[in-house]
Each structure stands twice: as C-alpha cells, then as structure tokens.
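Q: Grabbed the feature section from TrEMBL, which reads as follows:
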- 43-440: domain 'Amino acid transporter transmembrane' (DOMAIN)
- 1-20: region 'Disordered' (REGION)
- 46-66: transmembrane segment (TRANSMEM)
- 72-93: transmembrane segment (TRANSMEM)
- 167-184: transmembrane segment (TRANSMEM)
- 190-211: transmembrane segment (TRANSMEM)
- 277-299: transmembrane segment (TRANSMEM)
- 319-341: transmembrane segment (TRANSMEM)
- 362-382: transmembrane segment (TRANSMEM)
- 388-410: transmembrane segment (TRANSMEM)
- 422-445: transmembrane segment (TRANSMEM)
Amino acid sequence: MENEKPIASSQPEKVSFSEAEIDKRTAEQKAIDDWLPITSSRNAKWWYAAFHNVTAMVGAGVLSLPSAMANLGWGPGVVILMLSWLITLYTLWQMVEMHEMVPGKRFDRYHELGQEAFGEKLGLWIVVPQQLICEVGVDIVYMVTGGKSLQKIHDLVCKKNCKSMKTTYFIMIFASVHFVLAHLPNFNSIAGISLAAAIMSLSYSTIAWVASLKKGVQQDVAYGYKATTSPGTVFNFFSALGDVAFAYAGHNVVLEIQATLPSTPEKPSKGPMWRGVLLAYIVVAFCYFPVALIGYWMFGNTVADNILISLNKPTWLIVAANMFVVIHVIGSYQLYAMPVFDMIETLMVKKLRFKPTRLLRFLVRNVYVAFTMFVGITFPFFGALLGFFGGFAFAPTTYFLPCIMWLAIYKPKKFSLSWFTNWICIILGLLLMILSPIGALRQIILNAKSYGFYT
C-alpha cells in the first residue's frame, strides 16, 4: 500500500504537466506563425491580389517578347502566346481552388500543397527545389536587369562629361535599395511598392508598343527567321519557348499571395482571389500581346533582344521607360524574395530552433540580398542560365505541376473533360520543359566563350 500512494498522487501531476506542455507549444506555434512573413497578416483586399499578381507576372521579360516572336515566326508565335495565356490562367485557377480544398485548413505555401498531393517528404522534394530555382533565379535576373537599366539611364542622360562605369557598380547601386526594403516584414507591408511596380509594368509596356507603332514599319523589314542556318533556327526556336515560359512565371507566389486574404467558411478566400487573378490576367494580356505583336510587326527579325534598345529615340521617353523598369523590378524582386525569406526563416525557427528575433531576420535577409547581388555581378548573362535551369522549374510549376496535383487530389473520372484538359496541359508543359533548356544551353556556351569574369 505504501508503494501505491505516491503513484496515485503523482498521476494527476503528470497529466497537468502534459497539458501545460501542449498549451505552451500551441502558443509558441501561434507566435511563430504570427512572425513568419506569409502567415503574419491575413487582412489583404482582393485588389492587393490583383496588383501582386501583375507585379509577379509582368516582368521585364515582356520586353524580350518581340525578339521571341522573331525566333518563333508569326504562326507558331501567336499560337504559343495564346496557348500560354490560356493554360497558365487555367492552372492558376486550379491553385486558387486547391488553396482551401480541405475544410478548416489553408495551404499557404506551394510546398504544403505539394505535400498534400504527393506525401510529406516527396512533396517537399518535388516542389521546394523547383520553387527555389524560380524565385532565387528571378531575383538574380532582376539584379542584373535593374543594374543594366540604371546603366542605360546613365549612358543616355550623361553623354559628354561623364566617365563610363561598369555594370557591376550599377548592380551594386540597385542592390543597395534591397538591403533596406528586404526588412519589410510581410506581403501586406510591400503592398504600396507592389502597386507602384504594377503601374510601372503597364507604363513601360505601353511605351514599348506605342513608340513602336509611332516609329512605323521599318524599311526592308523581313519576317523570316533570324538565324541563317537550320540548326541555328531550331535552337533559337527552343530558346524562344523559354522566353515565353519565363514571361508566365507568377504561379510560384500565388498561394503565398492568397494566404494574405481573410477567409471564413461562408466567404472563402478563393472568391476575392479569383477576382484579383482575372483582373491581373486582363492587364497581362494588355501588356504582352501588343508589345510582342506590334514590336515584331514594326521591326521584323532585326528587333533587339530588348525592344527598348530598338527604340533609341526620343531619348527622354526611353529614359522614362528604363526608370519604370527599375521601379518595377524593385517591387518584383521583393515579391519573389518574400516566399524565400519565409522558407529560410521557417527552417531557422522551426527546425534549427533559433528564436524569432529581429536580429535573425536582419542577418537572413541581408545575406540573401548579398548572395543574389554577387551572383548577378558574376554572371550578368544569367538570363541564358535561367532559360536552362528555368526550363526544368518554370515550366513544371506554371504549366503542369498544378494539373498533376489536381489529378492526384481530385481524381477526375477517366476520359472526362477535366481529365483530358489536365493531360493536354501536362504533355505541352513537358515538351516545353524538355525543349527550352536545349536552346538556352547553346546560348550559355556562346556567351561563355567570349566572357571574362568581373571585367
């Protein structure tokens, strides 16, 4: 009997200790979620989703679409642009629908949806590497784009009494802005920057096609392929597919954007999110199609890789357009960086057990900005590298990974309309993923032959 008493008396203490631990863990988890960038604020409006999606989608890549058309030709070019717009709108709708498909749960991050579709470990391995290649890759490209646009402004405004400066310095000037902006805590805190970026993307796209139209069809314009040899034509065609895929890359941040919207069982977030996506895609069409088609129509196969280079006059207009590009890529860089910050900070706090402090955030984000700046300075032809790696990541995350997830989760009836639609998207996306890196690899080899590091 003496032995039984302490056991009986210690039993309730053990239960209460366990409950306290559970309560503590729940409070701790909530505090971490309130600190992390994606889940810290859920009071965004539907129009936030609209301009976030415009900023994410309409990158400086729109200016290379006339050049892509020159490598694709009129027929294939128009078909590929239209198909890409329709397929990516469909896959974006799927992601918006899947955000809250499990009652009482929200898939706030792309990899969380991947884990639901493919399992805890496999989902991470399938989605996270591809998402990181896209988001970090885009940020590096925007480092180079921002730096080169600043250099273009400098060269146009300051022709006589100014010393020539290396692209490296302009990339560093552009990066200095992000060493400040990177410390804004979440998506809602960059809403103003994102809105400015969305307006700028619409502005410089409009300048590009209106100025092309005003310049008129050039003398001796030709619409044949740029390359003079058959292999060159084929490789350029494949590379142009990568340019188009890069233009439709906003899916990598769509769930994270939707996570900022409020949601209740009566009013789920998919309603306002879909309104925002539709408005964004109307703006995307207004930016992409006139720039691609009018730019190619006016300049033919002699159009430059960046349409603004073909439009070197009037000077003030091209300076303004390049300034708009700089402001846009500042906002777009932050939009793509935010999910990366969330991934790194989640890893540091949840797995490595660091305390969620301002110092941790300061160090993580400064190191990330410094890394993207360093790679941008080292490889200013990173666009070709992105076409190579992005072919493996952009095409899946945008064109067909949402379709595979849809088939895995919803399991539509075989040979139904939904089943057929998803499989068509998967096949076209796979072709894009296989073919576009081939053209980009050739471009990397050609660039690397004549390139000197840090010159």
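Backbone N, Cα and C define each Cβ position, glycine as well.
Context for these features, please: burial, neighbours, distances.
A: Sequence-distant contacts of the transmembrane segment (167-184), counting only residues of its own chain at least 6 positions beyond either end whose CB sits under 8 Å from a CB of the stretch, comprise 143-144, 146-148, 150-151, 154, 190, 193, 326, 330, 333-334, 337, 341, 361-362, 365-366, 368-370, 372-373, 376-377, 380, 454.
Residues 47, 49-51, 53-54, 57-58, 62-63, 65-66, 68-70, 74, 77-78, 81, 85, 89, 92-93, 96, 198, 201-202, 205-206, 208-209, 212-213, 215-218, 221, 223, 247, 250, 254, 307, 310 of the same chain lie 6 or more positions beyond the ends of the transmembrane segment (277-299) yet place their CB under 8 Å from a CB of it.
With a threshold of 8 Å between CB atoms, the same-chain residues lying at least 6 positions outside the transmembrane segment (319-341) that come near it are 37-38, 52, 55-56, 58-60, 63, 109-110, 131-132, 134-136, 138-139, 142-143, 145-146, 149-150, 152-153, 156-157, 174, 177-178, 181-182, 184, 186-187, 190, 193-194, 196-198, 200-201, 203-204, 207-208, 211, 252-253, 256, 308, 311, 361, 364-365, 368-369.
Remote same-chain partners of the transmembrane segment (388-410), defined as residues 6 or more beyond its termini with a Cβ less than 8 Å from a stretch Cβ, comprise 84, 87-88, 91-92, 94-95, 98, 101, 110, 113-114, 116-118, 126-127, 129-131, 133-134, 137, 242, 245-246, 248-252, 418-419, 422-423, 425-426, 428-430, 432-437, 440-441, 444.
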Q: Would you mind listing the long-range same-chain contacts of the transmembrane segment (46-66), meaning Cβ under 8 Å and 6+ residues beyond its ends?
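A: Distant Cβ neighbours of the transmembrane segment (46-66) are 81, 138, 142, 145, 149, 187-188, 191, 194-195, 197-198, 201-202, 204-205, 208, 212, 243-244, 246-250, 252-254, 257-258, 260-261, 271-273, 275-277, 279-281, 283-284, 287-288, 291-292, 295-296, 299, 303, 305-308, 310, 325, 328-329, 331-332, 335-336.
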